[in-house]
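Trainee: Mind having a look at this structure? Questions to follow.
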Amino acid sequence: MAKNVSDEHGSKGVETISSSSSCQSSSSPRSSPYVHEVGVPPKQNLLKEIAAAVKETLFADDPLRHFKDQPSSKKFILGLQAIFPILEWGKHYNLSKFKGDLIAGLTIASLCIPQDIGYAKLANLEPQYGLYSSFVPPLIYAFMGSSRDIAIGPVAVVSLLLGSLLQDEIDSSTNPVGYRHLAFTATFFAGLTQFILRFLRLGFLIDFLSHAAIVGFMGGAAVTIALQQLKGLLGIKKFTKDTDIVSVMSSVFSSARHGWNWNTILIGISFLIFLSVTKYIGKKQKKFFWVPAIAPLISVIISTVSGINPPSVKEIFFSGQYAGKGFKIGVVSGMIALTEAVAIGRTFASMKDYQLDGNKEMIALGTMNIVGSMTSCYVATGSFSRSAVNYMSGCETAVSNIVMACVVLLTLALITPLFKYTPNAILASIIISAVVGLVDIEAVTLIWKIDKFDFIACMGAFFGVVFSSVEVGLVIAVSISFAKILLQVTRPRTAILGKVPRTATVYRNIQQYPDATKVPGILIVRVDSAIYFSNSNYVKERILRWLADEEEHVKENSQPRFQYLIIEMGPVTDIDTSGIHALEELFRALQKRDIKLVLANPGPVVVDKLHASKFQELIGEGRIFLTVADAVRTCYSKMELEP
């Protein structure tokens, strides 16, 4: 029940806070507490406003700040360092750091070689193309990337996505040459997409894919990848080309009687158990982190008891019917690869307390994939499993990528011909072992606890991938992420505020603070969002519903009727013409009920627009306050003076 708080608000008369002090009863016999005016920001030049808005939107990181007040020679050096960060941190490189990078590079190389063979298979490419993609791209990234820990190469999700999209256009089994050409074309456009995003300053687009959607998408992709490996693990000859769980399981069980090879199953299960045990050892005993890293390579070497990347620029479709298809596939895979790399890079950057430069990442990833497409590579990006091993191995800089690339080069030169003898069951067990970690049960549980809508997005992406396809899962993930944004924009939160006990000026949400007291005759509502055309009508109607509900409550409890409605505008960062029009309609609706509209704590942008629209003249002078407490004191004293 609302409590009378007249004794808490002091004197009857107070000084006004608006530009003209007409709200004040000048004849008040008592001295009034000081109430500060709401400041109106000075008028700015229109061109300067536009320039400031563009700068904040597209150049928030102020990329040229290092070049200010520098001589031409220094600017040239800084320009080179901006493009090639290795020139900056390379000045401080020493033997101690190289030891850490050497160990890390050798360790991740032992992990990446068998993974690359398996991931190439996911992309429906020959094994050597997976290794090519762990040679040229890591070398380029080492010179141009800003992350010290990320390890570059093919990854499971992008390989599966690329293989699925390419297979829809060209059958890899009937036309392997055309398929390979389209793969290089898609890789070229993937790199070009990443490169263009940097120069158009559109990197913020990757943030539209929420963390929850990514968790669900990755988990679904991991399940799909594992299911695809049942063909090799069970030795099935005739297997469905569809990726959904229903088709895959139907294919598995239909071939159970005559299509399973028990020798292959025994080999595959044995190596899968071996890899799982080594992973468990590495997880339980951190000092044995290298055990699960070298286990896949040991598996390949046991089961199996060429040269530098050949050029492929002539194999890229720059025209013809497949150029457009390659562009479409490249844009999708490039965006996914960029999202994954930036997310991984930020994770390890935060662990080591350094800043990841997203712009440099886009340039590095774009360049390495463009060059990679011309040197027989397919889409490469940051790998979480390799980056984790790289981090735990004690890497100091991106030189570990160079070491890894050198080992891969040696592997290409010496044992590439042996890859064709690696049993599919071994590759299947390596891939299954690698992707199991992508199903993050802890993250899903945390998402459920924090935000149910995020959980829906996560599960939508997961089931979309598992029961349909990677493309459908990706569309669902993006769609739900956008739906959440639209829902939050069009249906912002509002709350009724009350005065927190034993405080003088603190007003908070009464649902969060049940002991907070409502002020008799005054309803205080907070709007927790900017007011735009998309939500202005909802905000107006929601405030009126709050008022109707509270009026009913007041009537039932025989309390004083409402004379003032105060809107806390602090969280309202902006307002447009539709928003102001909604406030005008709210003012008129309140007038009919003999209730006065008051605004509190508006920001500079909102104040400027309210004055430009002469809204303060419509509602009456002295109705815009610096704080809710000022508004309550003034309105309460005026309310008592009125008959």
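Every residue gets a Cβ built from N, Cα and C, even glycine.
Okay, so TrEMBL annotates it like this:
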type     : residues : note
COMPBIAS : 1-12     : compositional bias 'Basic and acidic residues'
REGION   : 1-38     : region 'Disordered'
COMPBIAS : 18-32    : compositional bias 'Low complexity'
TRANSMEM : 150-167  : transmembrane segment
TRANSMEM : 179-197  : transmembrane segment
TRANSMEM : 204-227  : transmembrane segment
TRANSMEM : 260-281  : transmembrane segment
TRANSMEM : 288-309  : transmembrane segment
TRANSMEM : 329-349  : transmembrane segment
TRANSMEM : 361-381  : transmembrane segment
TRANSMEM : 401-419  : transmembrane segment
TRANSMEM : 426-448  : transmembrane segment
TRANSMEM : 460-483  : transmembrane segment
Trainee: Would the transmembrane segment (150-167) count as touching the transmembrane segment (460-483), if touching means at least three Cβ pairs under 8 Å and pairs must be 6 or more apart in sequence?
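Mentor: Result for the transmembrane segment (150-167) with the transmembrane segment (460-483) is yes.
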Trainee: Mind pulling out the one from 179-197, 204-227, 361-381, 426-448 with the most Cβ pairs under 8 angstroms to the transmembrane segment (260-281)?
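Mentor: It is 426-448, which has the most Cβ pairs under 8 Å.
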Trainee: With a cut-off of 8 Å between Cβ atoms, can you find at least three pairs linking the transmembrane segment (426-448) to the transmembrane segment (204-227)? Only pairs 6 or more residues apart in sequence count.
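Mentor: Result for the transmembrane segment (426-448) with the transmembrane segment (204-227) is yes.
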Trainee: Near the transmembrane segment (204-227), which residues from the same chain, at least 6 beyond its ends, have a CB less than 8 A from one of its CBs?
Mentor: 122, 156-157, 160-161, 197, 243, 245, 248-249, 335, 338-339, 342-343, 431-432, 435-440, 443-444, 447, 451, 454-455, 457-466, 470, 473-474, 477-478, 480-482, 484-485
Trainee: Which one of these stretches, 329-349, 361-381, 460-483, has the most C-beta pairs shorter than 8 Å to the transmembrane segment (179-197)?
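Mentor: Top-ranked stretch among 329-349, 361-381, 460-483: 361-381.
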